[in-house]
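Participant: Here it is: the structure, laid out below.
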Amino acid sequence: MAFPPGHQTPISPLKNFFAGGFGGVCLVFAGHPLDTIKVRLQTQPKPKPGESLIYAGTIDCFKKTLAKEGVKGLYKGMAAPIIGVTPMFAVCFFGFGLGKKLQQKTPDDILTYPQLFAAGMLSGVFTTAIMAPGERIKCLLQIQASTGEVKYAGPMDCVKQLYRDSGIRGIYKGTALTLMRDVPASGMYFMSYEWLKNLLTPAGRSHNELSIPSVLFAGGMAGIFNWAVAIPPDVLKSRFQTAPEGKYPNGFRDVLRELIREEGVGSLYKGFTAVMLRAFPANAACFLGFELAMKFLNWLAPNL
């Protein structure tokens, strides 16, 4: 159903939910290998005097993982993100759709960039509830694969052990840090995507007519803007969630102090190359999946 240029497709949080889920699956397939590398680089132990780091950098980590574990090694722990990411992106895009809808007085209202940022931040709050436990489990499984010490048989076993050892708090360890990472980063994510879509849409044309390369570019760049905001809290979160119980009694403040004292401010941008290399293709795939699914849903149920 084509709308004239002056008319917007009414926002449907429900369609956003399903299209976002499909976008999430596209994102995991495109981005998981570099996510594995990112976590291994962020959590590798400090070398003892006279020893060198296990991985010299992104390319070295990629080569060593391929040599030791094959392509399968790059897709280690992917079941958990597919199970977690699909509902997470569904909820994320639903939150964004809802955030936009709540700020519109009429369905034709065009939202300002600060309003789009606010709608994106709401989606960040929504996703953290699902995201925090999934991230904790993913980090623990990825890091045990690289240390070679097998403590958890798989995602469900990991949940059981965490729950047995420290209850629901053990599963949700790192939630405040996940919020600190995802709320501003989600605002940036959606606002920059909408801004780039506006920038790339020729005058007098509708967003729905954007070419596939334009959608890929806008989605990929939105991923980079999102991570530029998210990396420092993400480094702290990876450290905090994989640390032994009781290592950081005051939470992220202790992690921040220790990191800056031992490794300097630059350490807050650990894994930067791996994150940025992954951010573009993964989010380009995500937004393309989202836009295509949205077109299909608008065709399937124009009035939903």
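Cβ from N, Cα, C; glycine included.
Caution: TrEMBL annotation is automatic and unverified by curators.
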Participant: TrEMBL lists transmembrane segment for one of the ranges 110-132, 179-201; which is that range?
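Facilitator: In TrEMBL, residues 110-132 carry the label transmembrane segment.
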Participant: How does the repeat 'Solcar' (111-199) divide up by DSSP, counting helix, then strand, then coil residues?
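Facilitator: The counts are 77 helix, 0 strand, 12 coil.
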Participant: In the predicted model, what is the mean pLDDT computed over the repeat 'Solcar' (111-199)?
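Facilitator: Result for the repeat 'Solcar' (111-199): average pLDDT 88.
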